[in-house]
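S.K.: Below: one structure in structure tokens.
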There are 2 protein chains.
Amino acid sequence: MPTLVMKFGGTSVANLDRIRRAAKRIGVEVAKGYDVIVIVSAMSGKTNEMVGWVNETSPLYDAREYDAVVSSGENVTAGLMALTLQEMDVPARSWQGWQVPLLTTSAHSQARIEEIPTKNINEKFAEGMKVAVVAGFQGISPEGRITTLGRGGSDTTAVAFAAAFEADRCDIYTDVDGVYTTDPRICDKARKLDKISFEEMLELASLGAKVLQTRSVELAMRYKVKLRVLSSFEEQSDEAGTLVCDEEEIMESNVVAGVAYSRDEAKMTLLSVADRPGIAATIFNALSDGGVNVDMIVQNISEEGRTDMTFSCPTDQVARAEKSLLAIKDAGELNYAELIADTDVAKVSVVGIGMRSQSGVAAKMFKVLSDEGINIKVITTSEIKISVLIDRKYMELAVQALHDAFELDKAA
Amino acid sequence: MPTLVMKFGGTSVANLDRIRRAAKRIGVEVAKGYDVIVIVSAMSGKTNEMVGWVNETSPLYDAREYDAVVSSGENVTAGLMALTLQEMDVPARSWQGWQVPLLTTSAHSQARIEEIPTKNINEKFAEGMKVAVVAGFQGISPEGRITTLGRGGSDTTAVAFAAAFEADRCDIYTDVDGVYTTDPRICDKARKLDKISFEEMLELASLGAKVLQTRSVELAMRYKVKLRVLSSFEEQSDEAGTLVCDEEEIMESNVVAGVAYSRDEAKMTLLSVADRPGIAATIFNALSDGGVNVDMIVQNISEEGRTDMTFSCPTDQVARAEKSLLAIKDAGELNYAELIADTDVAKVSVVGIGMRSQSGVAAKMFKVLSDEGINIKVITTSEIKISVLIDRKYMELAVQALHDAFELDKAA
């Protein structure tokens with residue numbers, strides 16, 4: 001029997017009505033002859049509520065207990081979904097992570113999936129079960145304790161199941177109807193893409209287009225899982241939503257696939273750092289140990305043995321970054337004149353696999369921003385992406401101007 | 001190391017403040033040198049919320065999915081309690097039913113405990129864990145699915161753990177400070193008992209004094225578990241609350257230990273039933289099959305081969321009883337003239353092991369009620385209990401008059 005994985009996020013199972021709506025959609029796929037594995041998130045708001053309780057109880061919490069608490073929301077949805085399907089005469093049962101079992105590392109609250117044995121679920125499919133409803137986001141460690149996969153981890157659960165069960169497709173039902181050329185909330189010309197490559201989706205996801213957890217896209221790329229993003233709030237056909245797939249499956253595409261942005265960026269500059277070998281390692285090791293996720297890094301030209309070092313990180317990690325750097329300064333490991341934090345910046349990026357074969361994209365991007373009078377503070381590039389830091393007040397303007405300039409409102 | 005079991009009900013862990021309060025109480029026992037097993041309920045209201053969702057989703061639900069859903073509240077409390085204890089530097093971890101494992105029958109939603117292997121938890125005690133926080137109410141079936149023990153099942157979990165780990169005592173923390181001679185809400189002379197026998201507690205529990213789940217008292221009696229009921233809202237000493245124990249441990253006691261009542265009773269009378277062998281079996285089998293919990297049964301003297309049959313059941317089961325009896329009448333298995341349902345009755349009972357050795361308790365009870373002008377509709381007796389059905393409007397008067405007459409406001 002062909003297998004399909006369908007994942008429903010928190011807003012798609014927010015209440016009993018929405019669970020019924022999702023169940024109907026599942027019924028359609030069962031009627032087509034699929035054995036279906038459904039991955040469910042917690043009802044929207046539930047996980048946040050529990051994370052709040054844990055943080056209030058214990059700011060430096062034991063991650064094993066955090067996982068035991070915050071994984072419970074998915075169990076509720078899984079049971080309710082199984083009951084709803086049974087009411088529609090679809091043979092279904094719920095599975096918690098430890099029942100599958102979904103085996104993970106012991107890295108609690110950010111565990112990685114090690115293996116998904118298919119035996120238990122396949123036995124039930126053989127007995128006539130048509131839908132296995134699996135609680136997303138959770139697994140079990142080698143020590144027999146509950147683990148979770150990090151926020152958004154249900155996407156990763158879904159892709160991992162699709163890989164393990166060699167599913168025809170992994171459909172991610174969410175509150176948007178696909179992947180857009182940019183955020184429709186800030187650019188009304190944003191256009192839904194029918195297809196996007198794994199590589200582009202990875203860059204867009206990591207750049208703040210929060211449709212899919214980054215890890216789920218990596219996993220789908222590695223195991224060649226056909227990933228589809230579509231809305232649980234609309235009637236769906238087989239061609240709905242956006243298919244995330246190998247670039248070979250995309251015949252024609254624009255040079256630039258999308259414009260992404262990230263609002264909560266901070267630009268940190270260390271003035272007058274001694275420019276000697278190993279100094280960058282000292283700085284970024286300290287930041288990493290302090291839990292700071294450094295994104296862009298720029299080093300200015302050295303003058304008289306001293307240089308300025310600039311990096312960006314999320315706004316809410318500025319205090320941690322300052323603390324980490326002050327600590328190594330006090331310890332005599334680093335010398336700098338001043339640390340300047342600019343928390344009024346945003347990151348805007350253009351992404352597209354077409355850049356590999358077509359030059360001039362960066363030049364065009366810089367000209368567009370310049371024509372709008374927007375000053376570029378930091379630039380980084382990868383093979384398929386160009387990102388700039390700019391003043392936050394220009395962010396929406398920059399996104400709209402770039403979307404226009406690269407004609408993203410028109411299909412290739 | 002001596003072991004203590006402490007159980008905290010839903011109101012005792014209703015929010016983070018109350019969980020902290022309970023954790024402090026646990027810390028006191030740890031400081032005395034106990035290894036402590038803590039059994040927690042769901043935060044008050046959570047289980048009801050989930051039961052509501054299940055019922056709305058599927059009126060005739062799959063009990064396996066019901067259990068998977070409604071057991072999740074306890075997992076949240078167990079994790080939060082472990083974190084709270086850790087914050088107080090008390091080494092603690094949470095245990096879900098399947099992790100212990102608490103092995104039960106497959107009778108979902110009303111499973112019975114088969115065994116509690118002590119190995120896993122004892123290993124952690126040996127490694128220095130001081131408190132095992134166990135999610136109450138839940139276990140695991142031989143098929144590896146989650147089971148629950150029925151409403152109030154956390155009491156039973158607690159007593160079973162006390163038996164398995166040979167605990168010195170099982171303390172049940174609740175929102176009342178002990179077992180009273182009657183309900184203080186309807187009789188202001190009600191007095192807290194320092195000790196009560198298992199037998200008396202069983203009768204009081206089954207008569208609607210909802211301090212402890214009946215099964216937990218049965219289990220405590222069988223395994224000689226010292227059971228203490230006390231308030232989580234007051235500072236506690238070792239002598240606080242009410243000790244439920246063997247009657248041998250109670251030196252002196254009143255003839256009557258308490259007066260119990262049950263408001264939601266209905267009296268059902270079948271008029272003019274053919275009085276032939278097997279007719280009672282026919283009637284009560286049908287009621288049992290229909291899910292009616294029959295309590296008292298009275299058969300009048302037979303006249304001319306016909307008799308009246310009276311029984312009582314909870315008010316909310318009257319419709320079911322009527323349906324069941326009509327079905328066997330229609331099937332020709334039973335003939336009766338009329339079925340009269342009186343839903344305006346209540347049950348009042350006096351309970352006491354002293355009755356075994358002292359006669360005249362029934363006579364005194366009937367005289368007290370008669371003096372108050374209260375008509376008795378049905379009477380049943382056991383070795384240590386006398387129950388009567390009366391008009392509901394006299395219920396509080398009856399309880400107060402009996403409490404006075406048997407001088408329950410005075411200690412023995």
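Please read every residue number as a count from 1 along the shown chain.
A Cβ is built for glycine as well, from the same backbone N, Cα and C atoms used for every other residue.
Automatic prediction, not curation, is the source of TrEMBL annotations.
TrEMBL lists these features:
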{"type": "BINDING", "residues": "A:Lys7, A:Phe8, A:Gly9, A:Gly10, A:Thr174, A:Asp175, A:Tyr180, A:Arg185, A:Lys210, A:Val211", "note": "ATP binding site"}
{"type": "BINDING", "residues": "A:Thr47, A:Glu74", "note": "substrate binding site"}
{"type": "DOMAIN", "residues": "A:268-353", "note": "domain 'ACT'"}
S.K.: DSSP helix, strand and coil counts for the domain 'ACT' (A:268-353)?
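M.R.: The breakdown for the domain 'ACT' (A:268-353) reads 28 helix, 34 strand, 24 coil.
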S.K.: Can you name the binding-site residues among A:Lys7, A:Gly9, A:Glu74, A:Thr174 whose Cβ is less than 8 Å from some Cβ in chain B?
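M.R.: Among the binding-site residues A:Lys7, A:Gly9, A:Glu74, A:Thr174, not one has a Cβ sitting under 8 Å from a Cβ of chain B.
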S.K.: If you count CB neighbours within 10 Å, which one among the binding-site residues A:Lys7, A:Thr47 has the smallest count?
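M.R.: Least crowded of the binding-site residues A:Lys7, A:Thr47, by Cβ count within 10 Å, is A:Thr47.
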S.K.: Determine, from DSSP, whether A:Tyr180 (ATP binding site) sits in helix, strand or coil.
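M.R.: A:Tyr180 (ATP binding site) sits in a strand per DSSP.
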S.K.: Write down the Cα-Cα distance for A:Glu74 (substrate binding site) and A:Lys7 (ATP binding site), rounded and given in Å.
M.R.: 12
S.K.: Quick one: mean pLDDT on the domain 'ACT' (A:268-353)?
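M.R.: Result for the domain 'ACT' (A:268-353): average pLDDT 90.
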S.K.: Within 10 Å of the Cβ of A:Thr174 (ATP binding site), how many other Cβ atoms can you find? Include all protein chains, please.
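M.R.: That number is 23.
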S.K.: Out of A:Gly9, A:Glu74, A:Tyr180, which has the highest number of nearby Cβ atoms, where nearby means within 10 Å of its Cβ, if these are the binding-site residues?
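M.R.: Selected residue: A:Glu74.
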S.K.: Please state whether DSSP places A:Glu74 (substrate binding site) in a helix, a strand or coil.
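M.R.: In the DSSP reduction, A:Glu74 (substrate binding site) maps to helix.
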S.K.: List the Cα distance (Å, whole number) between A:Thr47 (substrate binding site) and A:Gly9 (ATP binding site).
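M.R.: Each residue's Cα considered, A:Thr47 (substrate binding site) and A:Gly9 (ATP binding site) end up 12 Å apart.
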S.K.: A:Glu74 (substrate binding site): which of the binding-site residues A:Gly9, A:Thr174, A:Tyr180 is the nearest Cα neighbour?
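M.R.: Sorting the binding-site residues by distance from A:Glu74 (substrate binding site), the top entry is A:Gly9.
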S.K.: With H, G and I counted as helix, E and B as strand and the rest as coil, say where DSSP puts A:Thr47 (substrate binding site).
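M.R.: In the DSSP reduction, A:Thr47 (substrate binding site) maps to helix.
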